[in-house]
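Have a look at the structure that comes next, please.
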Amino acid sequence: MTLVGQCYGNDKLKVGFYNGKCGAHNIEEFIFKVVQQKIREDPDIVSDLIRLSFHDCFVRGCDASILLEGKHTEQMARVNKRLGGIEDVGEIKKVVEKVCPGVVSCTDVLVIAARAAVFLGGGKWYEVETGRRDGRVSLSKEAEAILPPPTIPVRKAIQLFAKKGLNKRDFVVLLGGHSAGTTHCHSFKKRLYNFHGTHKPDPTISSSLLEVLRNTCPLNSQSDEEAFLDQTPNSHFKMDNAYYKQIVAHNGTLEIDQNMAISPLTKGIVKGLAKSPYQFLNEFGPAMVKVARIGVLTGHHGEIRKTCGSVN
């Protein structure tokens with residue numbers, strides 16, 4: 001199922017769409033400052049906003065459907081359990097509405113905020129296209145069917161990304177978003193104790209990381225603690241290539257991260273990114289721009305929500 005074809009007038013997206021539409025306010029700069037303050041208070045917001053953007057765009061396209069609240073919305077899907085950043089985007093939107101009511105979509109707030117997060121996390125600045133509108137539908141069953149679990153095989157993941165108009169290199173670069181932030185035990189616990197029904201740990205995980213993660217996520221514990229996605233000291237919330245170095249050394253927290261480093265389909269790209277500190281930084285922004293073009297609503301399609309959690 002491809003959602004790239006659902007794009008209604010993608011040519012209407014453009015850099016600086018809101019220029020002159022919010023009086024004297026530069027809305028992108030305005031959002032940047034709000035995100036900056038949020039990251040000062042909680043550095044994990046860097047990864048939250050990047051991941052939230054991905055989870056939104058991969059289901060119905062980039063339409064802020066992930067932000068809609070309700071019993072059967074995407075937020076309720078198991079794959080979105082404990083997904084961060086939703087409240088933050090809602091709060092940013094409220095502030096934006098005070099200075100520029102009814103103009104900036106929740107979708108664009110998320111895209112602009114994610115770019116700010118990348119930059120503030122140490123990534124390179126990149127221009128974002130804007131002019132998206134918000135969708136009116138959000139279904140948990142669609143998220144369950146489309147969003148990849150952390151156990152997805154590399155070949156299937158590449159095929160999924162291809163359906164969204166993203167190539168194999170985009171896939172490897174975008175997973176570099178895991179260079180910042182944390183994940184919860186439920187996302188990788190089976191790797192530690194009962195890998196694919198073997199009652200043994202995943203043989204690809206290093207013994208040192210296995211010990212660390214088992215201490216964080218004990219076998220019989222019901223708590224869903226957090227673990228760093230990038231095991232590099234002092235790099236847990238930074239956008240850099242240390243993540244690739246770690247997965248080459250068999251220190252990948254998630255199964256997909258580790259498999260990407262050993263799969264014949266992707267290990268060459270991973271090793272290249274691990275060697276060059278600049279390659280990842282140069283490529284991550286353009287890959288995010290490609291993600292943000294998936295299935296967008298423009299023109300008269302969709303709406304500009306007043307609040308991100310509900311349709312108008």
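Glycine is no exception: its Cβ is also placed from the backbone N, Cα and C atoms.
So TrEMBL says this about it:
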{"type": "ACT_SITE", "residues": "His55", "note": "active site, proton acceptor"}
{"type": "BINDING", "residues": "Asp56, Val59, Gly61, Asp63, Ser65, Glu74", "note": "Ca(2+) 1 binding site"}
{"type": "BINDING", "residues": "Pro148", "note": "substrate binding site"}
{"type": "BINDING", "residues": "His178", "note": "heme b binding site"}
{"type": "BINDING", "residues": "Asp230, Asp240", "note": "Ca(2+) 2 binding site"}
{"type": "DISULFID", "residues": "Cys22-Cys100", "note": "disulfide bond"}
{"type": "DISULFID", "residues": "Cys57-Cys62", "note": "disulfide bond"}
{"type": "DISULFID", "residues": "Cys106-Cys308", "note": "disulfide bond"}
{"type": "DISULFID", "residues": "Cys185-Cys217", "note": "disulfide bond"}
{"type": "DOMAIN", "residues": "12-312", "note": "domain 'Plant heme peroxidase family profile'"}
{"type": "SITE", "residues": "Arg51", "note": "site 'Transition state stabilizer'"}
Within the domain 'Plant heme peroxidase family profile' (12-312) only, compute the mean pLDDT.
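The answer is 95, the mean pLDDT of the model over that range.
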Within 10 Å of His178 (heme b binding site), Cα to Cα, which of the recorded positions Cys22, Arg51, His55, Cys62, Asp230 are there?
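If one measures from the Cα of His178 (heme b binding site), the recorded positions that come within 10 Å are Arg51, Asp230.
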Of Cys22, Cys100, Cys106, Cys185, which of the disulfide-bonded residues has the most Cβ neighbours inside 10 Å?
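Its Cβ has the most other Cβ atoms within 10 Å: Cys106.
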Counting distance between Cα atoms, which of the recorded positions Cys22, Arg51, Cys185, Cys217, Cys308 is nearest Asp63 (Ca(2+) 1 binding site)?
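Comparing Cα positions, the candidate nearest Asp63 (Ca(2+) 1 binding site) turns out to be Cys308.
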Hey, which of the recorded positions Cys57, Val59, Cys62, Cys217, Cys308 is the loneliest by Cβ count within 10 Å?
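Each of the recorded positions Cys57, Val59, Cys62, Cys217, Cys308 was scored by Cβ atoms within 10 Å; lowest is Cys217.
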Among all the protein chains here, how many other CB atoms are within 10 A of the CB of Pro148 (substrate binding site)?
14
Do me a favour and check the Cα-Cα span between Cys57 (disulfide bond) and Asp230 (Ca(2+) 2 binding site); whole Å is fine.
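About 24 Å separate the Cα atoms of these two residues.
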Counting only other Cβ atoms and using a 10 Å cut-off, which of the binding-site residues Glu74, Asp230, Asp240 scores lowest?
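It is Asp240 that, of the binding-site residues Glu74, Asp230, Asp240, has the fewest other Cβ atoms within 10 Å.
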Is any of the recorded positions Cys62, Glu74, Cys217 within 10 Å of the residue listed as 'active site, proton acceptor' (Cα-Cα), and if so, which, in sequence order?
Cys62, Glu74
